[in-house]
Amino acid sequence: MQEQIEGAVDEELLKQSVLNNDEDDRRLTKLRIERFRTTHTLYIFLYSALAALQFIAIAFFTRGFLLSRKVLDDVANRDESTAPAKFDRLVLLVVDALRFDFVIPVDVAAEGYNSHYHNHLRALYERWDESILLKFLADPPTTTLQRLKGLTTGSLPTFIDAGSNFNGDVIDEDNIIKQMCLNNKTIYFAGDDTWDALFHPYLSNVSMPYESLNVWDLDTVDNGVISFFEDHLLNNPTEKKEWDVLVGHMLGIDHVGHKYGPSHFSMAEKQSQVDGFIRQIIDAVDEDTLLVVMGDHGMDHTGNHGGDSPAELESTLWLYTKRPGTWRRQAPAAYNTTELGRYYRAVNQIDLVPSLSLLLGLPIPFNNLGWPIEELAHDDDEWRLFTRQTLMQLETYRNTSNSITDSSKLKILEELKINANSNSSDAGNYQAILLEMYKDLWARFDYYSIGTGIILLIISLAMLITITRLIPSIVVGQMLSELVPTIIVMPLVSNVCFLGVFYVLRQPAFLQNWLWASLLATAVGIIIGFYVPIFDRYNLTWLVLRFGEELSDYWSRVAAFLITLHALIFTSNSFTIWEDKIVSFSLTTLGMLTLYEFVFLPKRHSTSAILAAALGEKEGTVSGISSGQANSDSLPLGRFARIVGGYHSIVLIVCTRLASLITICREEQGAYCTPTFTLTNNYSFSVMLGCLFLVFATPACIKGYYNVSSSYQAAAPIWIGMLMKSILFVNFIYWELKTFENTSDTHGLNLTIFNLTISRIVVGVSLVAANIGWMMGPLCIKLNVHNNDRRSQQATILGYANAYGAQYFLLVINFFMCILLFNKPLAQLSLFLMCNQLLSILEIFDLLKLKENLIGPVALGLLSYQQFFSTGHQATIPAVQWDMGFILTERITFPFTHLGIVLNTFGPHILCGISVALLTLWKQPPGILRANTLLARVVSNCGMLLIYQTVLCLSTFIWVTNFRRHLMVWKIFCPRFMFAALSLIVTQLVLTFITIAFASGRLIKQIDRMFWK
C-alpha cells in the first residue's frame, strides 16, 4: 500500500516537472488567464451586437415584404334586401385535409388509384339526388388557420398569416360566425381548438375544443367530435335541440397524412370512421336543417400541406338536405369524376361565405369577396335575388375601402356593374375582376422597410468582412477594449437622439411606432460604435486594398467562387428549385479540387502558410506563431501526407454522393426527381438494419480518426466507446418502436409512454448530462511513463498533438447524438455520412495548412446545406417535418415542441456551426499558439461562416424583392428567403452562445491552465 502511495506521488511530481510547474510561470499564467477571460467576454459582446444588428435587419425586411392587408372593422347589418332563410339550422362538419379524390368513386384500374385512400368515403357521392358535391379550391397558404379565416370571412389571408398557424387570435373582421351570433343563433362546437382561438366570443360555453397540432394523435379529436354529436344530435330528438348551428372539426385524416402519409392502412380506417359518422348525421337531421361537409385543404403525396400544389388546394364541399327540389344542377358533364375528378366542377372556398349567408338568411360579411354557388338557387328568380344582394355587398365594400383609385379600373368596374344589374348571368364577371384587383392591391410592399433591412444587412456583412478578413485576428483581439465599449454606448446615444428628434419633429410613417424607431436607432448606434475605432486606425482605401489582397490566394478565390455560385442560385426560379443538386455538386467539386491538389500538385505551397511564415519572420510577436512553425507549414506535402489527403478527399466525395441519393422532391421538379425520403423507405427493413449498423459503425469511424493522433485516451473511450454507443442503441430502439407503429397494426397497444421515456432519456443524457460531463471531465490525453528507474524516467503525453480538437469533438458528439433522435431513419443514415464528411474536411484542411482560410468555413457551410436537403427537407412550407415536434411531448409544450422542430430542420446547421472551431483546433497541440491567438482564430472562422450565411440571406433579400411580382414569388422565392433568414438566425445564435461563449473559451482556458505556457 505504501509503495502504491509513493508511486502515485512520484507520478504527480513527474507530471509537474513535465508541465514546467514554476512559481513565476504560475503568476504569469494567472495574469494571462485574466487577460484571456476579459478578451473572451469582449468577443461575446461583439458578436452579440453583430447578431442584434442582423436580427434588426431581418425584422425590417420581413415587415416590409411579408404582406398584411388592411382590415375594415365594419360589420354588415340586416336590412330589407337580406334574403329570407331557407334553413333554420346548420350542421357544419369540417374534415381536415379532405382531398377531393378521397370522396369520389375511383375505378380500381384507373391511373392513380390507391386502395388506402380511394373508395372508402362513399356517403358523399351516394346521395346524389339530395345533395351537391363540388370540388372546393383553397387559396394558398393551405394551413388550417388561414383556411378557416377564408372560409368564414370570404376574404384572402396573406402569406404572413401562415406564420401564425400556431398562434391564432380572435378574428376582428366581420365573419359568418360573428353574424350567426349577432342574429341570435346558438353555436355549439367540438374539435380543432383553432376555432376556439378564432371565434371564442361567439361559441357556446358547452363547446369542446381539442388540441389540434399533435399530429401523432389520430383519434382523440375525432372521438371527441363524435361523442359531442351523439350528445347533441344523434341521440337527441329534434325538438329538444338547444343549438342553431352545430360545428365539428375532425383531424384524423389530416394527422394520418402527417404521421404516415396517405398511402397507409390507417388512412382507410380513418376514412371509414368518417364515412360511418356522416351516415349517422344524415339519418339524424330533419328537413329544416342544412348539412354541410367540407375540407379546408388537401394533402400532397407525403401527407403534408401548406403550399399550392393541386393536391393541396383541391378539397371537398358537400351540401345535403332532405327537402326535395332545393338544388339546381348544371349539365352532367360538369360533374365528371374520371381522372380523379380532374375536370369536375370547382368553386372557390371564399364562395362558401355568401352561399351560407343567403341560405341561412344572414347578412353577407362586410369584407366578403366571394360569389354565391349557382347550384344553391332552385330557380332564376332566386338566383337574381342572390346575385343582387351579393353585388350590393361587394359594391359597399369597394366604396368603403376606397382602395381602388385607378380611373381605368374604376371605369371597368362601373361597366361590369351596369351589365350585372341588367343580366344576372354576367354578374359573376364583376366579382371575378374585383377579386383580381384586390389581390393586386394587397400585393403592396413597404419599400422603406425593405430598403432599410437590405442596407443594414449589407453593412453587417461589411463589418464581418472587416474583422475576419481585412484586419488580422490578433489585432482585432487587441482592439476589443475600444470596440465593445463604443458599441455598447452608441446605441444608447442614438436612441436618445432618434426618439428625441422624432418626438419634437415627426416620425417617418414607415417606422409606425417608437419600437421600430428604437430598433433602427439601435442598429445605427451599433454601426457607428463599430466603425469609429476602426477608422481611427485604418482608412477606407487601405481596407479596400486589403480586400483585394485577400482574394489573391488560390483557395480564397475558390471559396469566393463557391459563395458567389450559391448566392446566384436565387436569381432564377429554375435554379432555386434545384438548389439541392447544385449544393451537392459544389461540395463534390470541392472534394475533387482537394483530391487534385493532393495527387497531381504535390509541390504546391499553401499560400496562406507562406503568408503565415512571412508574418512569423517579420512580426513573430504579433502573429502569435513562431517563424519555425510557419516555415514548416509552408513546406510541400510529403508522400504519406498526400496519400492520406487523397483518401480523405475520396471519403468526402463518396459520402457526399451517397447522401445526395436521399431526397425529398419539390413539386416543381416534376418527373425529373424521384423521392427516396418516403414513409415506406424510412421504415423499411433494410433502412432499419442500416440504423442498427450505425450503432457500431459511427463510434468505430470516429475512433479511427482519434487513433491517428493517439487521442483515443481518457475521456474518449468513455464518450465514444460507451456513451455514444449506448445512446445510439437506445435511439435505435426508439425508432424501431416507431417503425412497428407505422408498419403494423398494434391492436390497441399504446407505446406512447415507452417512446416518451426513451426520447427524454436520450435528450437528457446527450444535451444536459453529457455537456456537464464535458465541462468537468478529463481531456483526451494520457501520460505514459517510460523506464521504472526514477532517475532516468521519461514521459510521453499521448494525444498531445490533438489535445484541443479531440476534446472539442466530444462536444460535437453530444449534439450529434441529440439531433440524431429528431431525425427519421433515412436522415440518420445521412447524418452518419455527415460525421465522416466533417472529419474528412478537418483532416483535409489541416494537411493543406488552411486553418485560417475562407475555404474551411465555406466547406462547412456547403456541408450544412447539403445535409439539410439529404435529411428530408426542402425550402418549402410542406416539407417542414412538424411531427418531430412531438417526440418529447404528446401535445404542444413550449419549448420542447419547438426544440424538436428546430433540431430536425436546422440540425446540420447547428452541427457545422459548433464544428467551425475545429478548423482551428483540430490537430492543434498546446503551447504552439497563445491562448488569445487561438481564440482569435476560432472567432475569425466563426465570422467567416457568418459571412457565408449572410451573403446567402442578402441574396435572397435582393432577389425576392426583384421578383416580387413574379408568378412564383410566394411558392418559390418567399419560402427560400424565410429559410435563409432563419438559417442566419440559428447560425448566429449557435456561433455566439455555444461555439464562442460556451465551448471554445472554456476549452482553451482549461488546456492553457494545464500546460502553463
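A Cβ is built for glycine as well, from the same backbone N, Cα and C atoms used for every other residue.
A quick note: this is a predicted structure, and the numbers were derived from the prediction, not measured.
Scan Swiss-Prot for N-linked glycosylation site across N423, N682 and the hit is N423. Most Cβ pairs under 8 Å to the transmembrane segment (943-963), among the stretches 447-467, 761-781, 899-919, belong to 447-467. Highest Cβ contact count with the transmembrane segment (715-735) among the listed stretches 643-663, 761-781, 868-888 falls to 761-781 (criterion: pairs under 8 Å). The two recorded residues, N399 (N-linked glycosylation site) and N742 (N-linked glycosylation site), have Cα atoms 55 Å apart. In the three-state DSSP reading, N539 (N-linked glycosylation site) counts as coil. According to DSSP, N707 (N-linked glycosylation site) sits within a helical segment. Two recorded stretches are said to be in contact when at least 3 C-beta pairs lie under 8 angstroms, sequence spacing 6 or more; the transmembrane segment (682-702) and the transmembrane segment (825-845) meet this definition. Of all the Cβ atoms in the protein chains shown, 11 others lie within 10 Å of the Cβ of N707 (N-linked glycosylation site). Only residues 6 or more beyond the boundaries of the transmembrane segment (899-919), in the same chain, are considered here, and those with a CB under 8 A from a CB of the stretch are 805, 808-809, 811-812, 815-816, 818-819, 822-823, 831, 834, 838, 842, 845, 851, 856-857, 860-861, 863-868, 871, 873, 880-882, 884-888, 938, 941-942, 944-945, 982-983, 986-987, 990-991, 994-995, 999-1000.
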